[in-house]
Amino acid sequence: MDTIFNKLFAGQQLSLEESQTLFSAIIRGELTESQLAAVLISMKMRGEHPQEIAGAARALLDNASPFPRPDYLFCDIVGTGGDGANSINISTASAFVAAEIGLKVAKHGNRSVSSRSGSSDLLAAFGIPLDKSANDARQLLDEIGLCFLFAPLYHSGFRFAAPVRQQLRTRTLFNVLGPLINPARPPLALIGVYSPELLMPIADTLNVLGYKRAAVVHSGGMDEVSLHAPTQVAELHNGEITRYQLTPSDFGLRPCAISDLEGGTPEVNRQLLANLLQGQGKRAHTESVAANVALLMRLHGQEDLKANTEVAMHAIYSGKTINRVNALAARG
């Protein structure tokens, strides 16, 4: 471990294997708090490299509680959080709509980072249990098309880093790991990041981790596809990464203001999402969710974003998507 420390403190990049060794030790509680703080700040100051991020993610995945991985195509839609936008839970709403149109979504989530309520806070407000066993969650994925995997249940080693992260009060590598350590290991993912500077590093990391197809997005300060600003995309497809930009017109939609997407407490967000999934949501909410679902559909090979948006809008306005929420709550 001293060799790894010395490389870090000299400003040198770690290999994937070295990063994996380091983070395996971290999540086993083998570093002191001062050592961990020094490691995280050293990496932050020079910038974390994709090989280092991938090594950390592999350490978390290798030590995660197991999930029975399906042999059918499935995906995740998730953001890093930390964008400060305090928006409604767009990725969570998008997961329900995606399931309604036939996609399989194993959504990895945690408590709030950037909004007043994260995906897990919102699910709890709906009465959806967060403590499902891996086998029960897999059954929900099979039968309802959607399951939620609560990060602390699968990644208990995070607890060793929590005190230092709270004391540092700054973003570190741990802030970008969440979307990369889904224990179901989906082959497809739509991942939002809090800074455009993370687009290529995270796309490169997804390539190293072996994702089949994925899109990393940022839009005007938000960690998702948004309609208030152009969405910057780094798309991974069969080992190649392409950068491009999307605007509302690419989805056949009109722009909205960022203030139109503001959320609130878990209970407020629960009501906003319930209205949306019953086909009675605000235009900005409905269309923002539809745009995210449209890009997720593209990752499944349905390339026409405007047609995809129409499919998603039809599912939302049918009012039937709320049945997915009720079905998950009933299985508590």
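For all residues, glycine too, the Cβ spot is worked out from N, Cα and C.
The annotation 5-phospho-alpha-D-ribose 1-diphosphate binding site is assigned in Swiss-Prot to Gly79, 82-83, Ser87, 89-92, 107-115, Ser119 on the grounds of sequence analysis. Annotation source Swiss-Prot lists anthranilate 1 binding site at Gly79, Asn110. According to Swiss-Prot, the feature Mg(2+) 1 binding site maps to Ser91, Glu224. Here Swiss-Prot flags Arg165 as anthranilate 2 binding site, drawing on sequence analysis. According to Swiss-Prot, the Mg(2+) 2 binding site annotation covers Asp223, Glu224, on the basis of sequence analysis.
Sequence features, as recorded in Swiss-Prot, placed on the structure.
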{"residue": "Gly79", "record": "5-phospho-alpha-D-ribose 1-diphosphate binding site", "DSSP class": "strand"}
{"residue": "Ser87", "record": "5-phospho-alpha-D-ribose 1-diphosphate binding site", "DSSP class": "strand"}
{"residue": "His108", "record": "5-phospho-alpha-D-ribose 1-diphosphate binding site", "DSSP class": "strand"}
{"residue": "Arg165", "record": "anthranilate 2 binding site", "DSSP class": "helix"}
{"residue": "Asp223", "record": "Mg(2+) 2 binding site", "DSSP class": "coil"}
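Around the Cβ of Ser91 (5-phospho-alpha-D-ribose 1-diphosphate binding site), the same chain contributes Ile77, Val78, Gly79, Lys107, Ser119, Leu190, Gly192, Glu224, Asn292, each under 8 angstroms and 6 or more positions distant in sequence.
A Cα-Cα distance of 10 Å separates Ser87 (5-phospho-alpha-D-ribose 1-diphosphate binding site) from Asp223 (Mg(2+) 2 binding site). Around the Cβ of the residue listed as 'anthranilate 2 binding site', a 10 Å sphere holds 17 further Cβ atoms from the protein chains shown.
The two recorded residues Asn110 (anthranilate 1 binding site) and the residue listed as 'anthranilate 2 binding site' have their Cα atoms spaced 16 Å from each other.
Burial estimate for the binding-site residues (Ser87, Asn110): highest at Ser87, by number of other CB atoms within 10 Å. Here His108 (5-phospho-alpha-D-ribose 1-diphosphate binding site) is positioned 21 angstrom away from Arg165 (anthranilate 2 binding site), judged by their C-alpha atoms. Reported as a whole number, the C-alpha separation between Asp223 (Mg(2+) 2 binding site) and His108 (5-phospho-alpha-D-ribose 1-diphosphate binding site) equals 15 Å. Same-chain residues at least 6 positions away in sequence with a Cβ under 8 Å from that of His108 (5-phospho-alpha-D-ribose 1-diphosphate binding site) are, in sequence order, Asp76, Val78, Leu149, Ala151, Gly178, Pro179, Ile181, Asn182, Pro183, Ala184.
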